[in-house]
Amino acid sequence: MMVSFFDQFASPSYLGIPLIAIAIALPWVLYPTPSSRWINNRLVTVQGWFINRFTNQLMLPLNVGGHKWALLLASLMIFLITINMLGLLPYTFTPTTQLSLNMGFAVPLWLATVIIGMRNQPTIALGHLLPEGTPILLIPVLIIIETISLFIRPLALGVRLTANLTAGHLLIQLIATAVFVLLPMMPTVAILTATVLFLLTLLEVAVAMIQAYVFVLLLSLYLQENV
């Protein structure tokens, strides 16, 4: 029976219960809990160093008011990286290939940045809708365009993450299928194709980390405009 290539993106279920909740909760189990000792082990030390470096780089362009988001953005970054990386393992499911999950992250966080801007500095926040020095005739058109671009931001966040991960997983499955088909007929071509598959897998590991970083970085840039 021929199976559709897109079946891998369907949310699995067992006894009618969606397993996406387990896939979302699993990453937090894999990280060691920091202890109260003066000297930690190497894994906890590397974990703390990575989180501190990432948080410092992310909070560098923000003022003091935006530093309240450090814990949220760092946790979101680690969560997305872990889910994306686990999704590259065999017989696993990647929740971030679901647009609904990514929009569930993007819309509330984007809306929070907009609400913060409207509450703390409404004049500056509304001023982004109209660039300085705009001719009078273009004012209505630019306001409409800037408003549309503002509301497209969460859609762009969610679609970017979903599209990149979906395309990578689909390409890996296509090339892997080609390797199995070519192996009995043309072993040399199959070996070359397997080499391409290995390099593509390495690329997807980088994409999984980069897309998580880009998602959080864009959120921090939206926050920077409103604090």
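Residue numbers in this text run from 1 along the chain shown.
Yeah, the Cβs are placed from backbone N, Cα and C, and that goes for glycine too.
Lifted from TrEMBL, the feature list:
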| type | residues | note |
| --- | --- | --- |
| TRANSMEM | 12-31 | transmembrane segment |
| TRANSMEM | 69-89 | transmembrane segment |
| TRANSMEM | 101-118 | transmembrane segment |
| TRANSMEM | 138-159 | transmembrane segment |
| TRANSMEM | 171-199 | transmembrane segment |
| TRANSMEM | 205-223 | transmembrane segment |
Next item on the list: Could you check if the transmembrane segment (101-118) is in contact with the transmembrane segment (205-223), meaning 3+ Cβ pairs under 8 Å among residue pairs at least 6 apart in sequence?
Entry: yes
Notebook entry, point to check: the transmembrane segment (69-89) and the transmembrane segment (205-223): do they have three or more Cβ pairs under 8 Å, with pairs 6 or more apart in sequence?
Noted result: yes
Check: Going along the chain, which residues at least six beyond the ends of the transmembrane segment (69-89) come within the CB cut-off of under 8 Å?
Finding: 23-24, 26-28, 30-31, 51, 54-55, 58-59, 62, 95-97, 105, 109, 161, 165, 169, 201, 204-205, 208-209, 211-213, 215-216, 219-220, 223
